[in-house]
Amino acid sequence: MELPQEIAPGDPNELHIILSYTGKFRSDLTGLYQASYETDDGVKHRIAATAMEPTYAREVFPCFDEPSMKAEFTLSIVVDESFVTVSNMPVEKSETLSSSKKLVTFRKSVSMSTYHVGLVAGPLAEVKCTNSRIPISVFCPLGSEEQATFAVDLAAKGLQFFEDYFELPYPLPKLDLIGVPEFSTGAMENWGAIIFRTTNLLLDPEDSALDTKQRIAETILHEISHMWFGNLVTMRYWDGLWLKEGFATLMSWYAADKMFPSWHFWDSYVANTLQKALSLDSLTSSHSVELFISDSTDAKQIYDEISYQKGSCILRMVLNNLGDTKFFEGLKLYLRRHQFQCTESDDLWKAWEEVTGESIATSMRVWTKQPGFPVLRVSESRDESGKVTGVRLFQQRFLTSGVAKQEDAVSDTIYPLRFAIRHRQDFETVDMNTRELVLPPSSGLFKVNADHGSFFRTSYSHELLTRLLEEASKGSLSLRDCIGLSCDLKALVAAGVNKTSELLDLNVKFAELDSFYVWEMIDRNLRSIQSVYKFHGPELNEALRKLTSDVIGPKAEELGWTISKDDDENLITFKTSMFSGAGLAGYPSVVSAAKELFSKRMAGDENAIPGSLRWEVFGIIAAHGGLEELKGLVELWKNSSNEDEQYLALECLGRAPSAELMKWVLSHLLTDTVKNHDMFYLTWLAGGTAHGAIELWEWTKQNWERVEKEVPVDISSLFLGTALEGLHTKEQIQDVREFFARRDTKSYQMVLDQNLEGMENRRSWAERDISNVRSWLEGHGYL
């Protein structure tokens, strides 16, 4: 734009620029787009919704579309007279334009980033909270009001929780949560108008599995915490994405644990969130938490386990090290000082340093500016007579591909560690800022990284590991210790530090314990080994299947699978988990029970399968059924009135038991049956079998040009991950490299690199330990 005269910086005269522009509704679930849903009476309703993050506001209106360039926004929209309209601020006025149209104008917003602008319009129902300081509502598709009560109640409690902990009132006059059936991500924290994919907002609290409740609770609290972390205080640029996503992840788990203590959120955190972060960060293709981004359009690639999960994990380390009081004192100072402004990581470190008097920035910069994390090798030092003289701790970067090479600069990183050691009667806090540390000898219990509060793996010598497994079998370790010990050992096996037989032995030891999460680890370990060796012939596959059946099946029988009203949610989860593991492994009584329940459901009994058992029954049916059963799942996906049941049926189609049936399942992709934004639901389980992985990759090669053209890049990247994570033979890896060598992969290069490295690592594991696995199976009568 050329101005008639030069405007000097600081000129007191205001300059108003008025732009006229036109645009079209998008069809790729970005910017301002149209979506639709169908009510039980068969009526199709259209809605308009926005998805601005990270750089799609520029597709909707002219703007300086960068997070640091905040502004106040006044929005107006012309809609049908019957439409509900929701935006960041309350409605200022509504004017009738004709018998069918109205002009709705919203109040001017507070100063905020462009990606926080949100707008939804269409036929929606409203469920209001009756006991909150400010108006709180959930807007949802017509007919789903009863499924919104959990969300609206939790939103009120969550808002109050964060106001109390941060001692800073939520600054907007209302808070709305809007459920949109077609949404590319799980949710988006538009200030005052949070938009969710309906599957992450709505549920039947009386007929939903515990993991569904946990996921929805965590998602709602994650987004509400963004009202402070990300909205009130915003990262200066996208390289600071972790400042909002890491905090929102940690705060959601922290709040959920306080609100639902019986749900054991921190145990789940160690089993899932921590492991996802460690898994991705053990790749050479990982990236630092703070990653230089030269172009804001590249920001989408870092919305991954590093920014979210690892970001939360290193903040959890700070929480554990400082304690709750000092941790939150620093956060309160940070939020008060920088409200309505933008920050960098150093602003956070400075706030904590001020309230603690400790030096924090130097050590935390290692964790945010360097990729990776260490493995701490633990062994006993002995003198010439064999007497134990100390416990030696040695750290080096952990890579799934093996020990970091010395010529790799990051392998020289010494990670500043503070962790707890569990002894039989007490804990010992250790600071380690060197490559090696020797501690006094310990004849009793010695568990490094108690409760896995710090971000590293631990590798014990054979003698120490044997002792720890004995202690675990006697119940001397906490549940989080057992979970972390199992996960660390599996990662070390994958890296070639330990043998697969040791992981199989751990499963035998842990089978003496009676905890859901421990048995969940046993089931995961066995399924991981099955997946790694799925391309090694039917004899080995059958032996591993039989082993899994023999381990998990009796536990399922012992617990039973009848869900009683007297069962607490943790027992229900234990029952359903073992039912699933046994059934997928072909345990006869469980497969028969699943078939009977599914038959009743398909005969019209909507209550035949308890909500907590649906996913398990559908998965077993898909894995051990035929075309008719798969058609039944498609029928439920298309026509069930329960959205949770719909998506569970869609997911389980990926367990189709043969190549021909998998081809039939995949034929529904890129059709009206499975909309593009849902395609990864259908495929994320497909790579678990050899035939599934092969057929999914063949479909991908044949249809990739359409996927790139028709599917939003964030969805296509998720899909690509599912298409590659089941492959790992030498020939498959070469095929993938050749296929993408002649394509422009810029928008998904990071996903491609990470999956290729994962494929190479799984190939190495399979080839390295094949004799070891066969020997173990032969020794236990399975070969």
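Any Cβ shown, glycine's included, is placed from N, Cα and C.
What you see is a predicted model, and the numbers here were worked out from it, not measured in a lab.
These features come from TrEMBL:
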- 13-115: domain 'Aminopeptidase N-like N-terminal' (DOMAIN)
- 150-367: domain 'Peptidase M1 membrane alanine aminopeptidase' (DOMAIN)
- HIS222, HIS226, GLU245: Zn(2+) binding site (BINDING)
- GLU223: active site, proton acceptor (ACT_SITE)
- TYR308: site 'Transition state stabilizer' (SITE)
- 445-760: domain 'ERAP1-like C-terminal' (DOMAIN)
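DSSP labels the residues of the domain 'Aminopeptidase N-like N-terminal' (13-115) in these numbers: 5 helix, 40 strand, 58 coil.
Only GLU245, from the recorded positions HIS222, GLU223, HIS226, GLU245, place their Cα within 10 Å of the Cα belonging to TYR308 (site 'Transition state stabilizer'). Sorted by the number of other CB atoms within 10 A, the binding-site residues HIS222, HIS226 start with HIS226, the lowest. Excluding HIS222, HIS226, GLU245, which define the Zn(2+) site, the same chain contributes GLU189, GLU223, SER225, PHE229, GLY230, LYS244, PHE247, ALA248, THR249, MET251, SER252, TYR308 within 8 Å (Cβ to the Cβ centroid), listed in sequence order.
Less than 8 angstroms from the CB of GLU223 (active site, proton acceptor) sit LEU177, ALA187, MET188, GLU189, ILE194, PHE196, ALA248, each of them six or more residues away in the same chain.
Summary: among the recorded positions (GLU245, TYR308), the fewest other C-beta atoms within 10 A of the C-beta are counted at TYR308.
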